Amino acid sequence: MPLNKRFTLTQYLIQERRRFPDARGDFNALILDVALACKAIARAVAFGELGGMLGNHDADAGGSINVQGETQKKLDVISNQYFTRMNEWGGHLAGMASEEMDDAYQIPAEHPRGKYLLVFDPLDGSSNIDVNVSVGSIFSILRAPQEAVESGRDVVEADFFQPGAEQVAAGYALYGPTTMLVLSVGNGVAGFTLDPMLGEFMLTHDKLQVPENTQEFAINASNSRFWEPPVKRYVDECLAGKTGPRDKDFNMRWIASMVAEAHRILMRGGVFLYPRDSKDAAKPGRLRLLYEANPIGFIMEQAGGRASTGREPMLGVQPTSLHQRIGLIFGSKNEVERIERYHAEPARAEMHNPLFAERSLFRS
């Protein structure tokens with residue numbers, strides 16, 4: 001009988017593996033290595049300024065910018081190191097890719113190579129770390145091409161260019177009031193809470209499901225002037241509340257930490273929109289496909305929700321570059337499908353704004 005009638009992460013993985021009698025232990029061991037990295041990051045986040053963890057990475061006092069053009073925080077760099085060091089040695093991986101690394105990460109020659117690829121955002125929402133807002137780690141596991149596994153060659157970027165539907169597993173860790181690991185191995189979604197006394201992730205939320213309907217949405221409204229008409233229409237209808245076409249009131253949220261947004265939606269429903277927009281022509285989408293949109297999309301779909309670009313299912317998108325950006329909408333199924341319908345409808349000659357249909361602050 002598991003301790004306190006709860007399964008540990010290890011016990012859960014063993015139980016899942018029993019569904020596949022011919023499976024080896026490589027996959028479970030890889031998940032546990034990822035979990036170990038998340039435990040180390042949780043500890044670093046918890047110490048904060050006491051451990052000298054806050055602020056920008058100095059890179060010998062010159063600062064550092066990642067491949068995204070973003071200033072790296074100390075914890076970005078430290079978290080990336082935890083992920084690479086704790087996953088490179090086990091013999092489970094053919095290679096890795098990260099938000100914080102320009103190129104694919106090769107497994108050092110002194111370590112054996114395996115049949116999986118690991119892609120990750122080591123610290124999502126790190127811009128919030130200095131103000132003590134919840135942050136997290138996101139990861140995705142793919143199968144390496146068989147030819148690469150058999151030859152033992154170095155991985156190349158194209159090896160990672162697999163649609164989200166090809167993911168073997170995906171998950172995230174949330175570093176908040178408690179540390180949680182949320183995981184899907186393709187058989188639903190489970191949540192594990194870190195027991196700080198035992199140092200073990202314990203199964204606390206089994207078979208998580210996203211409610212189909214919701215009255216909450218999350219979007220950065222400061223970008224409204226750059227939104228496409230279908231997104232404007234959807235948000236306007238939500239804001240119109242009971243007096244508008246939706247005939248019910250909505251609440252708007254925005255944390256600026258996608259892991260925190262995803263976790264709230266997973267627990268109580270909602271819809272998250274970081275849509276394609278015209279703010280920067282070079283970046284029509286903001287979130288990274290391989291290590292942000294795909295793993296979160298996989299979790300949402302496994303929990304009965306939906307993930308989309310607005311125009312097509314997120315998990316069907318064919319990646320074309322390692323750090324490819326994309327618009328992302330996910331959450332309660334009926335709301336995401338509504339937004340997809342709005343994108344599919346012919347463009348309106350004039351957008352109807354239910355908030356200002358009768359009177360507007362901007363009328364002459």
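The backbone N, Cα and C atoms fix where each Cβ goes, and this holds for glycine too.
Of the residues E292, E301, E312, Swiss-Prot places E292 in the same Mg(2+) 2 site as D121, D124. Binding of Mg(2+) 1 is attributed by Swiss-Prot to D121, L123, and within the candidate set E99, E100, E110 the record adds E99 to that site.
In this structure the C-alpha atoms belonging to D124 (Mg(2+) 2 binding site) and N220 (substrate binding site) are separated by 17 Å.
Per the record's binding annotation for substrate, residues D124, G125, S126, S127, N220 show a top Cα-Cα distance of 17 Å. Working note on the binding-site residues E99, D121: by count of other C-beta atoms within 10 Å of each C-beta, D121 ranks first.
The secondary structure of D124 (Mg(2+) 2 binding site), as reduced to three states from DSSP, is extended strand. Here the candidates are the binding-site residues D121, G125, S127. The one whose C-alpha lies nearest to that of E292 (Mg(2+) 2 binding site) is D121.
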